[in-house]
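Taken from TrEMBL as is:
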| type | residues | note |
| --- | --- | --- |
| TRANSMEM | D:12-30 | transmembrane segment |
| TRANSMEM | D:51-69 | transmembrane segment |
| TRANSMEM | D:98-115 | transmembrane segment |
| TRANSMEM | D:127-145 | transmembrane segment |
| TRANSMEM | D:157-174 | transmembrane segment |
| TRANSMEM | D:186-206 | transmembrane segment |
| TRANSMEM | D:226-244 | transmembrane segment |
Protein chains: 4
Amino acid sequence: MGSFRGHALPGTFFLVAGIWWTVKYSIWHATRRNKGIGSTRLASRASQRRLEIIESSVILFFSLVGMLAEQFGSGGPKLQLYDFVEKHWDHLHSWHHATMYLFFGLFATVSLIIHTTEAAPLALDRLMLAIAFFNEGFLFLYHLHGRGMLDVHVHLLLLYAVFGETLVAFLEIFHRGNIILELLRCTLTVVQGTWFWEVGFVLYPPRGPEWDLKDPNNMMFITMCYSWHLAFAMLIVSVLYCIVKSWCCPTGSSCSEEC
Amino acid sequence: MGSFRGHALPGTFFLVAGIWWTVKYSIWHATRRNKGIGSTRLASRASQRRLEIIESSVILFFSLVGMLAEQFGSGGPKLQLYDFVEKHWDHLHSWHHATMYLFFGLFATVSLIIHTTEAAPLALDRLMLAIAFFNEGFLFLYHLHGRGMLDVHVHLLLLYAVFGETLVAFLEIFHRGNIILELLRCTLTVVQGTWFWEVGFVLYPPRGPEWDLKDPNNMMFITMCYSWHLAFAMLIVSVLYCIVKSWCCPTGSSCSEEC
Amino acid sequence: MGSFRGHALPGTFFLVAGIWWTVKYSIWHATRRNKGIGSTRLASRASQRRLEIIESSVILFFSLVGMLAEQFGSGGPKLQLYDFVEKHWDHLHSWHHATMYLFFGLFATVSLIIHTTEAAPLALDRLMLAIAFFNEGFLFLYHLHGRGMLDVHVHLLLLYAVFGETLVAFLEIFHRGNIILELLRCTLTVVQGTWFWEVGFVLYPPRGPEWDLKDPNNMMFITMCYSWHLAFAMLIVSVLYCIVKSWCCPTGSSCSEEC
Amino acid sequence: MGSFRGHALPGTFFLVAGIWWTVKYSIWHATRRNKGIGSTRLASRASQRRLEIIESSVILFFSLVGMLAEQFGSGGPKLQLYDFVEKHWDHLHSWHHATMYLFFGLFATVSLIIHTTEAAPLALDRLMLAIAFFNEGFLFLYHLHGRGMLDVHVHLLLLYAVFGETLVAFLEIFHRGNIILELLRCTLTVVQGTWFWEVGFVLYPPRGPEWDLKDPNNMMFITMCYSWHLAFAMLIVSVLYCIVKSWCCPTGSSCSEEC
C-alpha cells in the first residue's frame, strides 16, 4: 500500500460506499414517512432486504479481492508470515491491510446471513460494522512506528473519521433507522474516502515536488484540509439527500411509494 | 486574531449567543408547560419557527462577516493560500479562523433550510451545531504548536467548554427539548464568551505589564479563573432563567401563553 | 490543606455524605415499591422534600464553613489574591480549595431552591452535582505541578472516584431514581471519603516514618489499596442497604409505608 | 503468575466462561421468542434462576481457589503484606492478582444473593461485573512499571477487551437482555481467554527461542495477532450461537420451549 495507488484504491471504495449509503438511506427515509397499505409495506421490506443482500455480496467480493491483492500482488507476502532465512516477520504491512479487509469481509458475511436467513438479530450487522471500523482504526494506531511527523499526522487524522464511525455504528445498535446517525455515518465514510486520496497525494505526490514531512506549517495546513474534506463530505451528502428527496417526494407533502 | 480585539470579538459573539439562547429556551420552557388549546399551540409553534429563522440568519450573517474579516482584514491572506515567492503557506492562522466561521455558517444554513422548508429532519440542526463546535475544538487543538506554556494552557482550557458543547449538542439529537441540556449548552457558550475576553486580557494586556508565560503559579491561577468563569456563567444563566420565568408565570402555577 | 487534618476533614465530610445518601436512597427504594394510597404517597413526597431541604441546608452550611476556614484559617489568604509586595499570587492552594467548596455550595443552593419553590426543573440538582464533582476533579488535575511521584499518584487515583461520580450524576439527569446509579454514586462518595484519610496517612503520617515518595513499590501498593477502599466502600453500602431493607420490609413481601 | 502456567490458568477460566455465557444467552434468546403459556414461562424463569445460582457458585469457588493459590502457592506471600526484615512490600504481584480475584468473588457473591433472595435489584449483578472488570484493568494499568516494551504492549492490548467488557456490562444495566451486548461481552471474554494463552506463549515460551522484547516488528505482529484473536472469538461465538439455535428451533419458525 506504500504507493499512490495503494491509497487511491481504498479511498475510491470508501467514497463509493459513502455515496451509495447516502442514496440508500435517503430513499428509505423518504418512503418511510409514507404509511402505505400492508401489502405495499411488505413489498418494500422485501425489496429492502434484496438490496441489503446485494450490497453485502459486493462488499464481501471486494474484501476478498482486497485480501488477495494484498497477499499475491507484487511485493505481497504470498501467505508467508515469517521469513525463516532472514529471521524476521515478512511484509507485516500487507498482512495488516489484509486483516483490515478481513473484518469488513466478516461484516459483509454476517450481514448476508442476517438478511437471507433471519437466523441472527438484525442489529448484529451494526455491531459487526462497528467492530470492522474499530479494527481498522486499531491497526492504524499501531502501524505508524518510526514514520515521519506529517506521515503519522495524516494517518492520525483519518482515525477521527474511523473511530467516529465506530461510535456511530455502535449507537445505531440502539437507534436503528435514525436518519441523523445514518447520514453522519455516510458523511464520515465519504471523508475517509476523500482523505485516503489526500494522503496519497501528500505522501506519494504523482507529480510535483515532495512535501517536507517535518514542517509544522504543513501540519497546520493538513489539519485545516481535514476540516475542508469534512465540509465537502457534508455538502455531497446534503446534495444527494435533497436530490433523492425531491425525486421521491415531488410535491413535498406526499411521497411516492416507490422511487 | 493575534490581538486583544481578535479575542474580544468572538468572545462578544459567544456571550451574546449564550445569553440569547438562555432567554429563548427559558421562554419556551415556561410556555411549554402551559397546555393551551390547539390554535394557540399552532400559533406559538409558528412564532417559534420564525424566531429560529431570524436567529439562523443572524448567525449566518456574522459567520460571513467573520470569514470576510479574516480574509480581507488588515494582515489577512486575501484568499491567497500559498505564497509562491517565499514558498510557504500564507496566513494559516487566518485560514484556520475562517474555517471555524465556515462551519458555524454551515450550521446556520442548514438550520435555515430546516425551519423554512421542512426538507430535512429537525434534529439535523443539533448535529450541525455539534459538528461546528467539534471543528472549532479540533482546529484549536492543532493550532498551538510552539507557543508559550500559558498560551497553550488558556487555549486548552477553552476546549473543555468547546468539546463539552459538542457532547451536549450531540446528546440533544436524542433528547431534544431537554431544558437541562439546553441550559448547560447556554452556560458553556457564556463560558466560551467570557473566556475569550480573559484570554485577550492575559495574552495581549491592553495596559499594565505582560504576564510571565512560564510561571507555574500563573497556570494555577488561570485554571482557577476558569472555574470562576464557569460559576459566573451559571449565575448569569440562572438569573436570566428566573427573570424570564417570573415574567412569564407571575402567579407561579399558571403561565401566560405569550410572554 | 497541606496537613493531616486538611485531608481528614474533607474525608470525613464525604464519608458522612456517602453513608447518609446510602441510607436515604435505600429507604426511598424500599418504600417506593409499596404502592400506597394517594394521601400516603403525597405525605411521603412531602417528607422527601423536607429531607432534601434539610440535606441541602447542611451541605450549604459546611461549604460556607469550608470556604471561610480556607480563607481565614491559620495560613489562609484572608481574601487577598495577589501579594503586591512580593509580586506573586497568594496562597493559590487555599483559593483552589475554596473554589471547590464554592461549587458544592452552588449545588446546595440550587437544590434548596428547587425543593422549596419548584421554580426549576428537578433534574437540575443532578447537573449541579455533576458540575461540582467535575470542578473538583478539574482543579485537582492542575493542582499537582512539581510534586513527588507518589503524591501525584494518590491524587490522580482520587480522580477515578471524582470523575466517576461526575459521570454517574450526569447519567442520573436521564435516569433519575435508578437505584443502581444512586448506590454507585454512594459507593464512590465513600471511596472519596476513606481515600482522603488514606492520603493524609501517606503524605503526612501522624506518627511513624515518612513514606518514600519515589519508590515504585509504594506506588504499586497504593494502587492496590485503592481497590481495597473500593471493595470496603461496596461492603459498607451493601450492609447499610440490607439493614435499611430488613428494617423497612421485615416480612420480605410487604414493606411498611414509613420506616 | 510470572510463568506460562500463571497465564494459561486464568486464560482457561475466561475461555470457559466466554463459551458458557455464549451457550447460556443463546438458549435464553432462542426460547424467549417463544411466547409460552404462563406456567411454562414461570417454570423457565425458575430454571433460569437455578442456572444463575449454579454459575455464581462456580465463579465464587474459583475466585476463592485463585485467591488461595496466589497467597499460599509456591512463592506466594502467605498473607504477609510487609517484609519487616528487608523493609519492603512483599510479593505485590501476588497481592494484585488476589485482589483481582477478590472482585470477581464479590461479583459472584452479590449475584448469588440477588438470585436466591431477591433482596437487591436485578441489574446490580451487571454493575458488579462491570466493577470487577474495571478493577482488573485498573490494576493491570499500574502493574507494568519497568517491564520490557513488548511485555507492556501485550498487557495493554488485553485492556481493550477488559475495558470493553466494563463498558458493555455497564450498558447492560440499562439494556438488560439485549442479545447484541450479551454476545459482544461473550466475544470479549473469549478474547481475554485466548489472549492470556498468547501472552504466556510470548513471554514464557514453553519451548523454542525467547522473543526479542524490543523489536518493533514483533510489536506490529502481536498487534495483528490481537485482531486475529478477536476474529477467532467472533467465529467461536457465532458457531456456538448457530448450533444452539438450530438445536432449539429446528424448524426455524417455532422454537421448542425447553432445549
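Cβ atoms are placed via backbone N, Cα and C, with glycine included.
As the structure is a computational prediction, the values presented were derived from the model and not from experiment.
Outside the transmembrane segment (D:51-69) by six or more residues, the chain places 10, 13, 17, 20, 24, 76, 97-98, 101-102, 104-105, 107-109, 111-112, 115-116 with a CB less than 8 A from a CB of the stretch. Using a cut-off of 8 Å between Cβ atoms, the transmembrane segment (D:186-206) and the transmembrane segment (D:127-145) share fewer than three residue pairs, counting only pairs 6 or more apart in sequence. Taking pairs at least six residues apart, the transmembrane segment (D:12-30) and the transmembrane segment (D:157-174) share fewer than three Cβ pairs below 8 Å and do not count as touching. Residues of the same chain lying 6 or more positions beyond the ends of the transmembrane segment (D:127-145) and with a Cβ under 8 Å from any Cβ of it are 93, 96, 99-100, 103-104, 106-107, 110-111, 151-152, 155-156, 158-159, 162-163, 165-167, 169-170, 173.
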